[in-house]
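A.B. asks: I have a structure I would like to understand better, so I am pasting it below and will then ask my questions one at a time.
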Amino acid sequence: MSVNQKTIDIVKATAPVIQEHGVAITSHFYKLMFQHNPELKNVFNMAHQAEGTQPKVLAGAILGYATYIDNLPMLSAAVERIAQKHASLSIQPAQYTIVGKHLIQAIKDVLGEAATPDIIEAWTDAYGILASVFVKREGDIYNEKINEDGGWVGFRDFTVTKKTEESDEITSFYLQPVSGQLLQYNPGQYIAVKLKGEEHSHVNMRNYSLSDAPGKEYYRISVKREVGQGDKPNGIGSNFLHDHVLEGDIIEVGIPAGDFYLNEKSNKDIVLLSGGVGVTPMLSMLEHLVATHSTRKINWIHAAKSSKSHAFKSEVNELTRTHSNISSTYIYSDNLPEDKMERKGLVDAALIAELVENYSEAEYYFCGPKPFMKAVLNALTVLGVKEGQINFEFFGPSEELTTVEH
Ligand SMILES: Cc1cc2nc3c(=O)[nH]c(=O)nc-3n(C[C@H](O)[C@H](O)[C@H](O)COP(=O)(O)OP(=O)(O)OC[C@H]3O[C@@H](n4cnc5c(N)ncnc54)[C@H](O)[C@@H]3O)c2cc1C
Ligand code: HEM
């Protein structure tokens with residue numbers, strides 16, 4: 001679908017106004033949408049709504065589109081990331097019509113008389129074009145999945161065959177399909193699970209990275225219990241999984257997706273950095289490198305609060321002990337007496353330079369909480385590592401990463 005010049009001109013001219021009112025428009029949009037289509041509360045993360053992160057994300061995406069309306073290829077990385085996220089949640093074409101209707105209404109309501117018919121028409125066209133880009137890419141992803149051996153799309157019933165405590169706050173769930181096959185995945189990718197307890201008014205969909213190497217007869221997710229603090233309540237999904245999902249229970253699981261995964265074509269030294277539960281996609285990569293007999297030099301750097309919250313230590317120690325190309329380092333931020341012998345502090349440029357022999361040439365993958373992500377990005381920038389060697393996943397709406405100061 002091509003964009004006509006009038007639409008381009010109007011959208012570009014009005015982008016600053018939309019920017020000014022972006023969060024107001026998207027906040028109003030979500031209110032309209034949940035009022036008229038309450039079934040979509042089963043799709044969106046209502047905690048992100050409460051925190052206000054999701055409205056900012058959508059505002060950012062719309063603005064991004066407005067800026068590049070005549071140069072859509074510039075958006076391809078963002079489109080891929082979002083389409084993968086949408087695909088994991090099984091977003092359907094008909095839902096774009098619903099979103100579009102409420103979004104345009106929200107623009108009208110917030111801008112009032114300033115929203116002339118020409119402006120509304122241009123933004124309707126612009127939304128339609130963006131929606132068609134996503135619908136096409138998501139359709140392609142669904143086709144790829146359905147055409148795999150034993151392929152499927154949407155959500156399937158999986159049995160929790162094993163539940164294992166990995167640390168005082170992280171528990172793994174081994175998931176096997178009730179019938180049919182597993183879809184394969186790239187190490188680093190994630191799935192979505194649908195969770196609904198009797199106390200929940202709607203389904204809670206949550207993404208979890210697959211924490212074991214591909215090729216097993218199960219999916220493994222490893223979930224950190226999200227404990228509330230101050231006026232922040234306990235996390236709904238993670239606490240439900242920890243407290244109420246037991247071995248033998250059945251939960252609904254979506255297709256594996258995500259644009260953050262190991263580049264297997266590369267031969268470069270590889271650095272896998274993780275903070276806390278951000279260890280999950282990194283462990284999948286490490287296990288996969290081992291399973292495929294990779295000879296690449298692998299540096300494993302894991303930051304945790306202390307030995308108590310340090311998950312998968314013995315697995316990684318064992319891999320390090322039995323593979324001369326792997327080295328592992330742990331760094332703790334808390335000062336427990338029993339951790340006296342461990343490194344203390346946070347990941348920074350000096351640590352990476354000390355541990356990674358060929359640090360400017362290596363490939364980096366990292367994941368963790370926001371302060372960790374900031375620290376690692378800063379460190380890599382200080383060390384002059386090129387953007388193409390840096391890959392990361394963020395366990396939340398990715399908007400938050402764009403605010404990381406370099
Ligand atoms: C690609 C991806 C991969 C992921 N992989 C993993 C993984 O491997 N392991 C893992 O543990 N997690 C992972 N996550 C995170 C996971 O999806 C969940 O976000 C996490 O488990 C928390 O979900 P929850 O339902 O427990 O918390 P939620 O209920 O979603 O709450 C999230 C936060 O919002 C706060 N909040 C809720 N309501 C309000 C309110 N009214 N006001 C203010 N604050 C509020 C809560 O206190 C909490 O801090 C991943 C996320 C993504 C996007
Ligand atoms: C052109 C239209 C759309 C744009 C620009 C858009 C943009 C985005 C962006 C930027 C994210 C965050 C991705 C990330 O985590 O990095 C996101 C997530 C999401 N999108 Fe969309 N989206 C669109 C349409 C839709 C539709 C039609 C639906 C379904 C009704 C939908 C449902 C979701 C959900 C459920 C999430 C996860 C967010 C959460 O945590 O609740 N989106 N989208």
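Using N, Cα and C of the backbone, Cβ positions are placed for all residues, glycine too.
When I checked TrEMBL for this same protein, it listed these features:
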BINDING   His86  heme b binding site
BINDING   Tyr190, Arg206, Asn207, Tyr208, Ser209, Phe394, Phe395, Gly396, Pro397  FAD binding site
BINDING   Gly276, Val277, Gly278, Val279, Thr280, Pro281  NADP(+) binding site
DOMAIN    1-139  domain 'Globin'
DOMAIN    153-263  domain 'FAD-binding FR-type'
REGION    150-406  region 'Reductase'
SITE      Tyr30  site 'Involved in heme-bound ligand stabilization and O-O bond activation'
SITE      Lys85  site 'Influences the redox potential of the prosthetic heme and FAD groups'
SITE      Glu393  site 'Influences the redox potential of the prosthetic heme and FAD groups'
A.B. asks: Roughly how many Å separate the Cα of Glu393 (site 'Influences the redox potential of the prosthetic heme and FAD groups') from that of Gly278 (NADP(+) binding site), to the nearest whole number?
C.D. replies: 8
A.B. asks: Compare the Cα of Val279 (NADP(+) binding site) against each of the recorded positions Lys85, His86, Ser209 and report the nearest.
C.D. replies: Ser209
A.B. asks: Among the recorded positions Tyr30, His86, Tyr190, Val279, name every one whose Cβ is found under 6 angstroms from ligand 1, counting any of its atoms.
C.D. replies: Tyr190
A.B. asks: Taking the Cβ of Lys85 (site 'Influences the redox potential of the prosthetic heme and FAD groups') as the centre, how many other Cβ atoms fall within a 10 Å radius?
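C.D. replies: Excluding its own Cβ, the number within 10 Å is 19.
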A.B. asks: Quick check: which same-chain residues outside Gly276, Val277, Gly278, Val279, Thr280, Pro281 lie with their CB within 8 A of the centre of the NADP(+) site CB atoms?
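C.D. replies: For the NADP(+) site, the extra neighbours are Ser209, Ser211, Ser222, Lys224, Ser274, Gly275, Met282, Leu283, Ala311, Cys367, Gly368, Phe395.
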A.B. asks: Among His86, Val279, Glu393, the recorded positions in question, whose Cβ has the most other Cβ atoms within 10 Å in this structure?
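C.D. replies: Comparing the recorded positions His86, Val279, Glu393, the most crowded Cβ belongs to Val279.
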A.B. asks: Report the recorded positions (Lys85, Tyr190, Asn207, Pro281, Glu393) that meet this criterion: Cβ distance to the nearest atom of ligand 2 under 6 Å. Use sequence order and write none if nothing qualifies.
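C.D. replies: The recorded positions passing the 6 Å Cβ test are Lys85.
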